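Have a look at the structure below, then the notes.
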Amino acid sequence: MFNKIVKEFQWGNHKVRMETGEIARQASGAVLLDMDDTVVLATVVGAKNAKPGQDFFPLTVDYIEKTYAAGKIPGGFFKREGRPSENETLTSRLIDRPLRPLFPEGFYNEVQVVIHVLSINPEVPADIPALVAASAALAVSGLPFNGPVGAARVGYKDGQYLLNPNRAQLAHSDLDLVVAGTERAVLMVESEANQLSEEVMLGAVVYGHEQMQIAINAIHDLVRDGGKPEWDWQAAPKNEALVAKVSELGLADLQAAYQLRQKSARSQKLKEVYASVAAKLAEAGVEADGVEVDNILFELESKIVRGQILNGEPRIDGRDTRTVRPIEIRSSVLPRAHGSALFTRGETQALVVATLGTKSDEQIIDALQGEYRDRFMLHYNMPPFATGETGRVGSPKRREIGHGRLAKRALIPVLPKEDEFAYTIRLVSEITESNGSSSMASVCGGCLALMDAGVPVKAHVAGVAMGLILEGNKFAVLTDILGDEDHLGDMDFKVAGTDNGITALQMDIKVQGITKEIMQVALAQAKEGRLHILGKMQAAMGHARTELSEHAPRMITVKINPEKIRDVIGKGGSTIQALTKETGCTIDIQEDGTITIASTSSEGMAEAKRRIEGITAEAEVGKIYSGTVLKLLDFGAIVNILPGKDGLLHISEIANERVNQVSDYVKEGQMVRVKLLSTDEKGRMRLSIKAAKAEEGDVPATAPQAPGAGDATSQQQ
């Protein structure tokens, strides 16, 4: 019934098993991959024909985590998986990026890749198995695909590279780098690093590419024994006559458009050229598909821009290959925000805002490997007006989530540890103008906003987006690329870091001829650009502000006996709720007895601290307290000296003379000074007004003058 093909291989410390032919047989391709109990199912379905008028490649990649993979039931009312989590979105992008460039030009058939996580080993992240399984599923499907693709995660500790480190190793690693590529070339890099050098980063990329060959070879074996016949697909032949005609009608105007340095003027001119060519073709009686004409014009644009750069001519905006666009920086832009910065680089601009919160503001993430809390959030938004367009405004798209994550990776290594700066931090980057490199503008603006908020970052962090154009043996590396250069180039990569090293590196490579030497040149030029931007940032803001904004919460920490936590919380939370409401403070209690009090009011914090210390204080024998008389008894009175701490004031301890009536000396609600004489094994306390007055040097208490009072005194003496 099943033609099941299985391939097993050892990959570093992991045993991997790939199989096809048993599950999801109606898909174009399906592979089940097991990597030390992390199991993923990757499926591929490709449409046999492209839709009429299709002018782009409709590839979708969906990475889906099932909670049963971790033996859990989803939370919420409906008890089933809902919208994709941030991790699912980021992993979908991670898989998409190296696969997309390997489909042939002109292939516009719809392709859907779906990866389900069916079982999770908490120590083995599922992203690498998912990427390898997706590549294998495409390879066995027979679709036109220039793969297979391999992938590997690389760590770095004590001068050694680690292959596919587990989560415990990653927690202590100075590097978390994912690299994907084919047998011959690297296609994608995504990484976070603890200020590592360009040499170490490039070495990690090369090491990962070497180690992924094990997985690529296993995929070849799987295809040889279990692959489906290759599709009989051929790209449509080029209409050379149409290419020549479009070139004749539009080339000169396109060249003129690319002499315009301002993006808006250039974009408008290009639209006019496209419309003009279409109109002239119609006038000439040339029948042509509009999509085909647009593609020819785009190819002409690409040749113009690439040719100018490779010939040493100025770039689109007039710069040479190494120059960073003009930078303008302004901090404290928003009066009520805790920290803010406006970072402008050419026609790219980011308004980044920092907000400080308490531990209760941390994001709680219910991941497959277990719940954890995140004290640093970075959210990136790019509304359509940033590019002078109209469009949908709403929940963030995949691109926005990915750009936010990249900027976050760049800043994490310089953040202070929680015991140095206990605040929860949220950065929001609002892209108000975009012409390339908006994620790196978010890094620069984010660092400045943190410093403006008074966050003691370890160093300035800057980011720069780089491009590369390769034709045969000629290549050019571009610093601080524009949006058009991004689309027309062969590689774009983003590097962020400090004066000391790289904190984040992202590469996307569209061709397979880029060597280690070319990447070395590109990284060296990126460092030059990064240091230039860092110089501008350091001149604008040399260090973090020493004082927090007056609108930011202040925090103090109180340590109590963990057994007293219930007293602070109170029955049904009554005590903590009253404290929060009456003092206007946010109060967070940890299991170890650490209490954090946060408020914009120093008076409110002081009052909350005083009351918490009162609730949790231990009564000390021999200490004098101001107490409140709660109840009178025939033989004395009950006095409250601390919250929840009542003691007996015996009649003999009220005054030196004989006391006949307790009410002659103290009243309910009266404040009295009492000394704690002793506490028995049951916690019962003996109090004394006599001893307190004697120690403090006051005149001994006497009863109010009343009939018989003098006799009582003489009798006691």
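Please read every residue number as a count from 1 along the shown chain.
Keep in mind that glycine also has a Cβ here, set from the backbone N, Cα and C atoms.
Not measured: the values here are computed from a predicted model.
Listed in Swiss-Prot for this protein:
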BINDING   D486, D492  Mg(2+) binding site
DOMAIN    553-612  domain 'KH'
DOMAIN    622-690  domain 'S1 motif'
REGION    690-717  region 'Disordered'
- Message: By a 10 A CB contact count over all chains shown, which of the binding-site residues listed here is most packed: D486, D492?
- Response: D492
- Query: What three-state secondary structure does DSSP assign to D486 (Mg(2+) binding site)?
  - Reply: helix
- Query: By the DSSP assignment reduced to helix, strand and coil, which category contains D492 (Mg(2+) binding site)?
  - Reply: strand
- Message: Within the domain 'KH' (553-612), what mean pLDDT does the predicted structure show?
- Response: 89
- Query: Residue counts in helix (H, G, I), strand (E, B) and coil for the domain 'KH' (553-612), per DSSP?
  - Reply: 32 helix, 16 strand, 12 coil
- Over the span of the domain 'S1 motif' (622-690), count residues by DSSP class, listing helix, strand and coil in order. 8 helix, 36 strand, 25 coil
